[in-house]
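Participant: When I checked Swiss-Prot for this same protein, it listed these features:
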BINDING   L122, G126, H127, L128, S355, P356, F357  (6S)-5,6,7,8-tetrahydrofolate binding site
MOD_RES   K231  N6-(pyridoxal phosphate)lysine
SITE      H230  site 'Plays an important role in substrate specificity'
Amino acid sequence: MTETNFDFLAQGDPAIAAIIGRELQRQQEHLELIASENFASPAVMAAQGSVLTNKYAEGLPSKRYYGGCEFVDQAEELAIERAKELFGAAHANVQPHSGAQANFAVFLTLLQPGDTFLGMDLSHGGHLTHGSPVNVSGKWFNAGHYGVNRETERLDYDAIRELALQHRPKLIICGYSAYPRTIDFAKFREIADEVGAYLLADMAHIAGLVAAGLHPSPIPHCDVVTTTTHKTLRGPRGGLILTRDAELGKKLDKSVFPGTQGGPLEHVIAAKAVAFGEALRPEFKTYSAQVIANAQALARQLQARGLKIVSDGTDNHLLLVDLRSIGMTGKVADLLVSDVNITANKNTVPFDPESPFVTSGIRLGTAAMTTRGFKEAEFAIVADIIADRLLNPEDSSMEDSCRRRVLELCQRFPLYPHLSPATPVAV
């Protein structure tokens, strides 16, 4: 949002303007370590806040149910072509409102109610839409689950194969929300072929790394690939479906509209196009490589301070801290770091004895603060701040020191310096 938009908003709705101003200040003065968050560019935000929000456009480009779509058609076509180029896909649907919507459209295309599919257990790093009993994927379908090896805390492909042979699923899902290691999509393809299953990769967390060529691509191996467009892709919040099979792509299109959605959000689709264009530039690969280097630096320094990292490290943008060794829950750790302006999230760890509302771990990600310019040296400092806070939870002077160091880092690497509330905002 530009200053001009702030001015309009301050005049039209001072209450909302004040709330947004406070949120801006929160983002500027906090270390954002939630692995699923990032900071979109001003260009992405400008597209999303444009006049395209006014246009209804049910259908696909050149096949709309409304008139006046010639320019939103151009924007959506550009988003489609950029997505295909970015990921090497034959077909792209840019209309899903979210990753969850994208996944549901795939289920509608490939499965019937009661069919069996196989996905990772949520407590091991899977996602709600991969068969959790509280999600439609777990209510309408027969969901089987695999996990990680207890000793290595990594995927055990032999065990996954055995489960696939046992369940004979119609669909296998790979791609996760809290798995810090490289995924062998080719191995999953072998398993899927052996049992005659479709293979879906949900690469929501690693899409930016895949786009940059820093994680193996699922496109050559999977029947369908879904992703969000924020996270490591650094775009607007939304979803995307990709496939190398153009004919399957036509069926997926029908499952998005009219199957699961009505009108697409053309202002968001334009913002997706901007983000895809940014990701096609050479500097995006440099950024993505720094994201991984920063995550590894963060993990190393946390380990040096005596904290346990699930799977003993990371290959991507996220890591899980297992807090059982220091006798702390994820819920408590989340609150402790929040007190010193660090935003993270409690998270289950493999074979976690605690409930999802308590957990034994916290999940940390480096994508957002890398966008702000952090490198390995800064993330080593971040690791020390986190360790100081978690290892000294009752020390008020240490709490003050941690908060001060966080604010110093934030001031060194400003976020959206061109943005400021139109009117003073009390915090």
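Positions of Cβ are set from backbone N, Cα and C atoms, glycine also.
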Participant: What same-chain residues, at least 6 away in sequence, bring their CB to under 8 Å of the CB of K231 (N6-(pyridoxal phosphate)lysine)?
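Facilitator: Looking at Cβ-Cβ distances below 8 Å from K231 (N6-(pyridoxal phosphate)lysine), excluding near sequence neighbours, one finds A35, S36, E37, N38, A204, H205, A207, G208, A367.
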Participant: In the three-state scheme derived from DSSP, which category covers G126 ((6S)-5,6,7,8-tetrahydrofolate binding site)?
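Facilitator: Looking at the DSSP assignment, G126 ((6S)-5,6,7,8-tetrahydrofolate binding site) belongs to neither helix nor strand, so coil.
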Participant: Between G126 ((6S)-5,6,7,8-tetrahydrofolate binding site) and H230 (site 'Plays an important role in substrate specificity'), how many Å separate their Cα atoms?
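Facilitator: Here the two Cα atoms are 18 Å apart.
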Participant: How many Å separate the Cα atoms of F357 ((6S)-5,6,7,8-tetrahydrofolate binding site) and H230 (site 'Plays an important role in substrate specificity')?
Facilitator: 25
Participant: At a 10 A cut-off on CB-CB distances, which of the binding-site residues G126, P356 has the highest count?
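Facilitator: Answer by Cβ density within 10 Å: G126.
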Participant: Here are the recorded positions: L128, H230, S355. Which has the lowest count of other Cβ atoms within 10 Å?
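Facilitator: Each of the recorded positions L128, H230, S355 was scored by Cβ atoms within 10 Å; lowest is S355.
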Participant: Over all shown protein chains, what is the count of other CB atoms within 10 A of the CB belonging to L122 ((6S)-5,6,7,8-tetrahydrofolate binding site)?
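Facilitator: Neighbour count, Cβ to Cβ under the 10 Å cut-off: 24.
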